[in-house]
Amino acid sequence: MNISHVKHKRPSGLELISILFAITGTSLIVTKGDFSSIILSPIALMAGITSALCCVFYTLQPRKVLSKYSSTNVMGWSMLFGGIFISCFNNPLDIPGEINLYTLSAILSMILFGTVLAFCFYLKSLDYLSPTEASILTVGEPLCSIILSLIFLNVTFSSIELIGAVLILSTVLS
């Protein structure tokens, strides 16, 4: 909705239904259908709102830059400057615990696959999708977590959570 406010373009009826399904599906997965179980601290609520605003910002802000430069260049420079900025507040060399080949490879895998490639793909998708469509598709993340939990962790899910997964999947397929 914030995207439509900034771009002065209302989402279509299908996009509104997709947004509703995405929110409902994610809520069913997170709460297991019991909305009274939600306990949010003010810090968690503020972090969630800030995260949503940042999502809108990084979806809309780079569009002009992406029309001039590749998503790889935009991502590389933004991560470099972001890393330098955050290093002013948190020393990146002050790592608790033991650093060995296993932990180093795990950290590098998270950086490469979970951050760099994920954001590059997201930025590149903005060449083909509207900001609203790209935002709707980001709800596939909880669905992916469910599938990976089923496969690798042998976690079982209730029928309510599976209904949530179907709702999310319907937004991705629409």
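From the backbone N, Cα and C atoms, a Cβ is placed for every residue, glycine too.
Copied over from TrEMBL:
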- 12-31: transmembrane segment (TRANSMEM)
- 37-60: transmembrane segment (TRANSMEM)
- 44-172: domain 'EamA' (DOMAIN)
- 72-93: transmembrane segment (TRANSMEM)
- 99-123: transmembrane segment (TRANSMEM)
- 143-169: transmembrane segment (TRANSMEM)
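Here the listed stretches are 12-31, 72-93, 99-123, and the one with the most C-beta pairs under 8 angstroms to the transmembrane segment (143-169) is 12-31. Note on the transmembrane segment (99-123): residues 62, 66, 71-72, 74-75, 79, 134, 138 of its chain, located 6 or more positions outside it, place their CB under 8 angstroms from a CB of the stretch.
The helix, strand and coil residue counts that DSSP assigns across the domain 'EamA' (44-172) are 99 helix, 0 strand, 30 coil.
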